Amino acid sequence: LDSIDGKHARRTQSSTPLGELFDHGLDSWATSIFVLSFFSVCSRDNGKTGVSVYTMYIYLSIVLFNFMCSHWEKYNTGVLFLPWGYDISQVVLIAAYLLTGTVGVEVWQKPLLFGYYITDVLVILLIGFSLFLSFPQTLYNIHRAHLKKTLKNDSLYEGLLPLVSPLLLFVLLTVWVVLSPSNILAKQPRLFLWMVGVAFSNVICKVIVCQMSGTRPELFHWFLFPLALVVYAAISGLLGCMEEAVLGIFTALVTAAHVHYGVCVGRQLSEHLNIYVFSLKKRVQE
């Protein structure tokens with residue numbers, strides 16, 4: 001149903017910025033949940049089969065990077081050129097669920113060809129498509145808009161501004177993963193990857209709002225400051241055995257903040273546009 005919501009909104013003459021934010025905002029969160037569910041199907045590495053937690057993190061980072069590039073592209077061009085890989089990824093995910101349901105989880109635990117597992121092939125394809133198809137296409141579309149003089153932002157600084165917070169977020173998280181004294185990703189993979197997805201979603205939602213309203217995104221998202229403190233305390237050994245507990249607390253706070261942000265923005269937009277969030281009826285003007 002993901003590709004028909006816009007068509008239905010236009011058919012019912014109910015297309016609004018609220019619908020756009022609702023769609024892409026939820027997509028930015030669901031993307032990480034889809035990746036988590038996929039790795040739940042494949043199972044975690046047990047020394048012989050399965051996927052390592054570090055592969056999960058890399059896979060999730062690449063998927064989120066592609067999502068970020070699409071909306072960075074729209075911020076600069078005003079057009080959302082969703083790469084063909086977006087639809088392919090959904091088809092592959094559905095096929096993976098159907099294959100697992102039909103054959104069983106054993107299909108992920110047997111070599112496919114030349115000793116490579118299906119998950120190995122998928123990761124290689126994902127990296128290849130991202131580096132050699134999706135990202136180059138994004139750069140090409142921005143360059144083409146520059147040649148046509150249709151770019152929304154004239155300066156290089158303004159054009160690159162939406163990338164600062166997502167990239168710093170990725171750097172901080174990667175530092176935590178690599179230098180964690182307790183190997184936090186291996187101990188709490190689901191919790192950590194959930195936190196990554198929520199934090200990324202909030203950063204991207206603010207970029208989407210800026211793109212829709214023609215405003216400048218903030219240079220440093222506020223999530224970066226508490227995250228930097230947590231990462232420093234973790235890798236320096238200050239947290240000690242409390243690292244997992246602090247991860248849980250930080251994840252809960254980030255999730256609550258993201259939900260609060262979504263509810264508040266949804267209510268404000270619905271009141272401003274005189275519409276309801278889940279109904280085609282107009283609000284009664286007071």
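Even glycines carry a Cβ here, placed using N, Cα and C.
Because the structure is a prediction, the values reported are computed rather than measured.
Feature annotation from TrEMBL assigns transmembrane segment to 51-69 (among others). Cβ atoms under 8 Å from those of the transmembrane segment (51-69) belong to residues 27-28, 31-32, 35-36, 39, 42-45, 83, 85, 89, 119, 123, 126-127, 130, 134-135, 138, 163, 166, 170, 174, 177, 185-186, 189, 192-193, 196-197, 200, 204, 207 of the same chain, restricted to positions at least 6 beyond its ends.
Marked as transmembrane segment by TrEMBL: 81-100 (among others).
Annotated transmembrane segment per TrEMBL: 112-135 (among others), in sequence order.
Look at TrEMBL and you will find 156-179 (among others) tagged as transmembrane segment.
Annotation comment: TrEMBL describes 191-209 (among others) as transmembrane segment.
Remote same-chain partners of the transmembrane segment (221-239), defined as residues 6 or more beyond its termini with a Cβ less than 8 Å from a stretch Cβ, comprise 165, 168-169, 172-173, 175-176, 179-181, 184, 199, 202-203, 206, 246-247, 250, 253-254, 257. Residues or ranges marked as transmembrane segment in TrEMBL: 221-239 (among others).
Note on the transmembrane segment (245-263): residues 25, 29, 184, 188, 191-192, 194-195, 198-199, 201-202, 205, 223, 226-227, 230, 233-234, 239 of its chain, located 6 or more positions outside it, place their CB under 8 angstroms from a CB of the stretch. Feature annotation from TrEMBL assigns transmembrane segment to 245-263 (among others).
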